[in-house]
Ligand SMILES: [Zn+2]
């Protein structure tokens, strides 16, 4: 069975066959570092980290590159507002980015190239496009000649004539065609600049990714990822630049993640509803945010609100509690071999189901439901009269294997929710009624380890946090 990937280029799922056997070259557009990332920036970070983790799990050697746009209009504006310079703003929010996505369980990329460190390659790229007749200089700017590239619009499935009729014709235009886009922008007075054959200036946004992908991964890569909002014009323009120069497909598979809405509304400046990860994780376990995102297929939109987050927290805790209970039981269980084979087969089937779901275009939503089924089965197993350390260990391995791929950690750093404590106390009462005192004591110890004290009163069991 091969992994199927939905390719925006073909608008269908295709079997994944890497350019080079066993290896995957992957590029994901990173943030413009002029502020803390919002929850919409966190989604591609989490989605493509999961894609990477799964490909690694399936035995591929993945080279993962994600850039930082560390100079552009927004950074220039932010530097002015903060009374500092562009490199200071960039460094500050690059550090913040690493902190935030690390909390969300995102692995480090192999390289995080920055635009300002790729300037010679960018300038060289532009010069070669001019030489090949795909770009022209105009008053210190350089523009890409969109019509010269055959195949413009193939990613966003639009014809160049449709695009042209929608394009604004600007008065006093220094472009030859309204569809042409900037590769190089002449510096305005007082702005940060680099020297180039066309005078002082800085690169346009699209050329950066083309140059960085080429520098770190080569002319043709396996997977290019980013948010759905980047498909047009950003990725369309990346294709035009890269394929005009390199004369090979830029990427074999183009993957795009869906939007995030806040309380059913689009995130926007005017609505002022940007949710910053930096603020969120002060109050909420970042793993819950990741779990919440994993529970939706990456191509579907996500609606973000507090109720849904709370219910994600409850669900995630349920899985963590099952895992903790299994781990705790393991400490007091001996190795009994009687029904091991039957359970091993059962667990193997869960694992195969997980792989089948993830093979199908990284369906993490269904993978999470497999995880729930494992938790449920674990709870059933814990009810059996004798539990075997072999089977408990297999449960633990399976829990850990799957959550590792999803970038989730099951260790119980967070407090248990009240309703989980109530459920455990109920289980302890039942155990005592059934004269299963070992289980009753085990639950008491488990709660004690989490600083929850039980008191047996005439009215029943009461609990308090220590
Ligand atoms: Zn890009």
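Keep in mind that glycine also has a Cβ here, set from the backbone N, Cα and C atoms.
Bear in mind that TrEMBL entries carry predicted annotations, made automatically and left uncurated.
Note that this is a predicted model, so its numbers are computed, not measured.
For 29, 209, 234, 238, the entry in TrEMBL reads Zn(2+) binding site. Around the Cβ of residue 234 (Zn(2+) binding site), the number of neighbouring Cβ atoms within 10 Å comes to 18.
The motif ''HIGH' region' annotation in TrEMBL covers 31-41. Residues belonging to the motif ''HIGH' region' (31-41) score a mean pLDDT of 94 in the model.
Away from its own ends, the motif ''KMSKS' region' (266-270) comes close to residues 38-40, 259-260 of its chain (Cβ-Cβ under 8 Å, at least six residues beyond either end). Here TrEMBL flags 266-270 as motif ''KMSKS' region'.
The feature ATP binding site is assigned by TrEMBL to 269. Cβ neighbours of residue 269 (ATP binding site) (same chain, under 8 Å, six or more residues apart in sequence): none.
Summarising the annotation, TrEMBL assigns domain 'Cysteinyl-tRNA synthetase class Ia DALR' to 353-417. Each residue in the domain 'Cysteinyl-tRNA synthetase class Ia DALR' (353-417) gets a DSSP state, and the totals come to 43 helix, 1 strand, 21 coil.
According to TrEMBL, the coiled coil annotation covers 414-441. Outside the coiled coil (414-441), and at least 6 residues removed from its termini, the chain residues within Cβ reach (under 8 Å) are 285, 313-314, 317-318, 320-321, 332, 447, 450, 452, 454, 460-461, 463, 465.
Long-range neighbours of the motif ''HIGH' region' (31-41) within the same chain, counting only residues 6 or more positions beyond its ends whose Cβ lies under 8 Å from a Cβ of the stretch, are 68-70, 72, 74-75, 77-78, 89-90, 93-94, 96-97, 100-101, 227, 259-260, 262, 267, 274-280, 289, 304. Secondary structure counts, DSSP: the motif ''HIGH' region' (31-41) has 3 helix, 2 strand, 6 coil.
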